[in-house]
Structure formats: structure tokens, C-alpha cells
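Colleague: The structure that follows is given in the form of C-alpha cells.
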Amino acid sequence: MSLGWWRLVYAAFAGFLLFHGFSTSENAPNYSFMHNATSAPFLSYYDYIVVGGGTAGCPLAATLSHRANVLLLERGGSPYGDPNITKLVNFGASLSDLSPWSPSQRFISTDGVINSRARVLGGGSCLNAGFYTRASPEYIRQAGWDGRLVNQSYEWVEKLVAFEPHLGHWQSAVRNGLLEVGVVPFNGFTFDHINGTKVGGTIFDEQGNRHTAADLLEYANPRGLTVLLYATVQKILFRFRGRRSRPEAYGVIFRDGSGIEHRAYLKYGFKNEIIISSGALGSPQLLMLSGVGPVAHLRSHNIPVVLDQPLVGQGMCDNPMNAVFVPSPIPVEVSLIEVVGITHFGSYIEAASGETFSASAALQGGFILEKIMGPISTGHLELQTRNPDDNPSVTFNYFQHPLDLQRCVQGIQTIGKIVESESFSKFRYDYMSWPGLVNMTEHSPINLLPRHYNSSIPLETFCRDTVMTIWHYHGGCQVSRVVDPDYKVLGVEALRVIDGSTFNYSPGTNPQATVMMLGRYMGVKILRERLGN
């Protein structure tokens, strides 16, 4: 096989993994409450101010709007109407856009792994492979959530954004391969998290249109909600009532797309609150910019300290993902994540396929990937500047814990068995060995880490060398460390954080369903508290 052909494979591999994009429902809903922040008054008052119109913020704001006056501030634009972010078949256009107003904002962790954070209404649900699956019952119990309300909240989400995929030949072969190598039983199509192999949900409909958390704003009361786009919050405002009182959040300062400053304040009322839903990077970053964080770190950036909270930005996690590209001798369908193998050892096996993965290559084949449960390894987040538009510095410490590495090795071994299974035989070249595929991946430019170019390397080294993200990062404002079980920020009043930054572990195989559920769940709980129910 020629060197040029291998280079095409490497280009395809890098293109697919580094340049995924957004897509969304093609027909934009008529949201009368959605405006560009340049049209906002310089001063306004609300019962609730939600910072971040992402995967949790949209369902949260939609729910609260039925009993209160809500402002939802989103630093990005609308996901609707852009032809580059509409269809599944265009999956790739937006992440390659590095402009200041791109729906994605690239960042590179100190680990050398290329990543992205969402900058668009709908948030992280616009930056994923569309897989929809619930958290396990054990996860829900450990979180202390009300199981009945959790189920109702999932169902509320699923009515608008979750669909059953139609499996093509590649995904069917992966499903059958998983069963053949012992990832059993087969649980059919289900949203539930069950050990074995299953077909999960997808947020892509039958026409290949993506549905995101922004679609959940269809549930909103238009008279109770204002959504401002291109509104970047600079900081939360705090005040003290009395000599020994705790700091109380009472407003925010945000800038519109023209750089003009606006202020939004809470109306008078002891149950009114500011809720940060800016994601695992944005929420701890905003707390620090507002003076809530490790005192020495805040002072190093000349930020006035409101509350010394050393655990803000700690516990950062990202589920490490490793994938193997499998060239196919026959055409394969374009597919994203539809099937998952939930193994007994804590690795999740998934796949994606398609004929073209980058502009520089046209190849038949696809990827089989594994990612680990949890993870156990943790890192931290720090400010780099005082500019909220800049990325913070993030360290995830991939595979720091030996159990994470052990799970990766077992996951890669399982992928090897699937590739060599009878179920997968028509999708592999007879002359391409499994060690050859592993070596090909080891040589691919998929991150910024140094490579080991021996013909045969231990799988532990392979896992470390080829680690990637699948955008499941979380932590930074964790429950019982930064927020209490009701997501109220410890040590301050009238401030909550509701998003994936509060998670200790990533829920289920893919978190987006649970993050959307959490927005609805906490919206209902907050309104019950407000109304005295």
C-alpha cells in the first residue's frame, strides 16, 4: 500500500476527529422573545437571570418563564438558519471555523488535546455526535434526585429532541460485532442505560436535521422570557447587607456584540436568583472573574475577592476517547453515534462512519471508538486573563489514575475483537491486520502529544499517545464542593450553578440528555420552592 494512500487515511482521521461541526433543525422557530443584545436597554430588571443559553440553560429558562420574568443571556448567536450548521451530511463545517463568532471556540488543554466549547444558543447539544441516552438509575440515586421528576423531565425533553435512528449496514455490523465478542445482552432500542449492547436515541431526525436544547425554548412562555444573543457576561455583581452578612448576588454586567456595556439586576424579592449555566469551562471561569474562587489566584489577576473558595475550578474531568479508523472495501453510510456497547469493565464502545471525513480525502470506512466511564482522573482550571472571551487554562490529567488506563486498554482490545469478528468481515480488508490498524492510528496527527513510532507498542502507550476528547468534560463547580445539593453556591446568596460543571462523573454513556433533563428538573424544583409547593 502506497505512502500516499496512508497519508490520505491520516488526513481523513484528523479531519473527522478535529473538525466535527454543528447542525440544527432547518426551520427556525418564531421566537418573539429572542433579540440581539445590541437592542437591549442599558438597565433592566428580572426575577431570574440565567447566564448561558446552553444545554441546561435553555430548558431551565423555558421552565422558569411560566411563573416568573426571566432573562437568558447567550454569548453566541442563534443556531438556526446557517447552512453550514444545518444538516448531518455537513457535519464538519463549523468546528473548522476559527472566526471570533464561530459557533465553536477551540481550546487546547495543557494535556495537548484539541477541544472545543460551544458558543451558540443550544450550547453543547450543538457540538456533539447527537447520541441521546439517559443516566443510569444508580447515577440518579447517587445524585439524590427525585426519580419520578427525573423521568418526567427526561420525557419533557424527549418529546421535542429525541428520535430513534434507522441503522445502516455499518452501525448494524458494529452492533452485531459487539454481541459476537460478548458485550451482551442485546437491549434493542432504548434511552435507558443498561449493560450490554443497545441502539440509543439521536437528536437527528429522519431528514438528518439536528434538534438541540434551543428547540426546548418552544416550551417557553413568550411573555415571561427575554433571550439576548451575543451577550457576554463580564461578571456577577455582589453586595453585602449588614456587617456580618454573606455576599449576595444581585445583578450582572454584560457586553453586547458592539462592546457596549449593559446591566441587568434582580427585582426585589428574596426568592429571585442569578443562575449560571455557562458550562464546565464557563461557569467556574465566571465565578472567578466575579471574585469567587481561590484567593491567591484571584489576587494574582487583581480581581477583588468576594469569597475565598479554593474548590472553584477543581475536579475538572474529561472522558478520554481513543479511536481506530477502519478502511472499508465497500461503501458505507454516513452515520454518527447510534449504537453503544456498555461493557462490564467500564468502557463504552461506539462508532461513526462515512465516505468523506475531510476536504482532502475521500475514503470508505469509519471509526470504532472507546471512551471510559467516569473518569477517575481529575485536573483543574485557572484563569489566563480577565477577559471573559478568552479561554481559561484547563488540565484534565488524562489517564492519571491507573484504572482509567486499564479500562482504555480493555476497550481497545474489544475494538480489535470487533474488527476481526465475522459480523464485521465485509467492512475490512483481508490484508490489513489489527496491529497494522493500531500502528496507523499511532501515526495519525490527532493531538499535540509526542509519538512513539515503533512497529509494535504496548496498548497502554497507545492509549496515552492517541487520547482525544469527545466533549464530555465536566466539573469545576461540583456538588458538595462549590454548590450544595440544590445547586446553590456555597457561601453566597441568590446564586446557583446548574450545568455539567456540577457533575462528579459524566452521566450515562453521553451526558447531553441528562444536562437537558437537569435544566428542566431544577426549573420545576425552583418554581415549586418559589410558589411554596
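Just so it is clear, glycine is given a Cβ too, placed from its N, Cα and C backbone atoms.
Bear in mind that TrEMBL entries carry predicted annotations, made automatically and left uncurated.
From TrEMBL, here are the annotated features:
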type	residues	note
BINDING	Val120, Val233, Trp471, His472, Gly500, Pro511, Gln512	FAD binding site
DISULFID	Cys408-Cys463	disulfide bond
DOMAIN	279-293	domain 'Glucose-methanol-choline oxidoreductase N-terminal'
SIGNAL	1-24	signal peptide
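Show me how these features fit into the shown structure, please.
Modeller: Long-range C-beta contacts of Gly500 (FAD binding site), restricted to its own chain and to partners at least six residues apart, with a cutoff below 8 Å, comprise Thr55, Ala56, Gly124, Gly279, Ala280, Tyr473, His474, Ser506, Pro511, Val515.
Listed in sequence order, Pro320, Asn322, Ser347, Glu370, Ile372, Phe399, Leu459, Cys463 are the same-chain residues six or more apart from Cys408 (disulfide bond) with CB atoms under 8 A from its CB.
The average pLDDT computed for the domain 'Glucose-methanol-choline oxidoreductase N-terminal' (279-293) is 98.
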Colleague: If you run through the domain 'Glucose-methanol-choline oxidoreductase N-terminal' (279-293) with DSSP, how many residues end up as helix, strand and coil?
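Modeller: Residue counts for the domain 'Glucose-methanol-choline oxidoreductase N-terminal' (279-293) by secondary structure: 11 helix, 2 strand, 2 coil.
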Colleague: May I ask which residues of the same chain, at least 6 positions away in sequence, place their Cβ under 8 angstroms from the Cβ of Trp471 (FAD binding site)?
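Modeller: Long-range Cβ contacts: Asn115, Ser116, Gly124, Leu127, Asn128.
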Colleague: What is the one among the recorded positions Val120, Val233, Cys463 whose Cβ has the most other Cβ atoms less than or equal to 10 Å away?
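Modeller: For the recorded positions Val120, Val233, Cys463, the Cβ with the most other Cβ atoms within 10 Å is Val120.
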Colleague: When the number of other CB atoms within 10 A of each residue's CB is tallied over all shown chains, which of the binding-site residues His472, Pro511, Gln512 has the maximum?
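Modeller: Within the set of binding-site residues, the most crowded position is Gln512.
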Colleague: For the FAD binding residues given in the record (Val120, Val233, Trp471, His472, Gly500, Pro511, Gln512), what is the largest pairwise C-alpha separation in angstrom?
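Modeller: Result: 25 Å between the two most distant Cα atoms.
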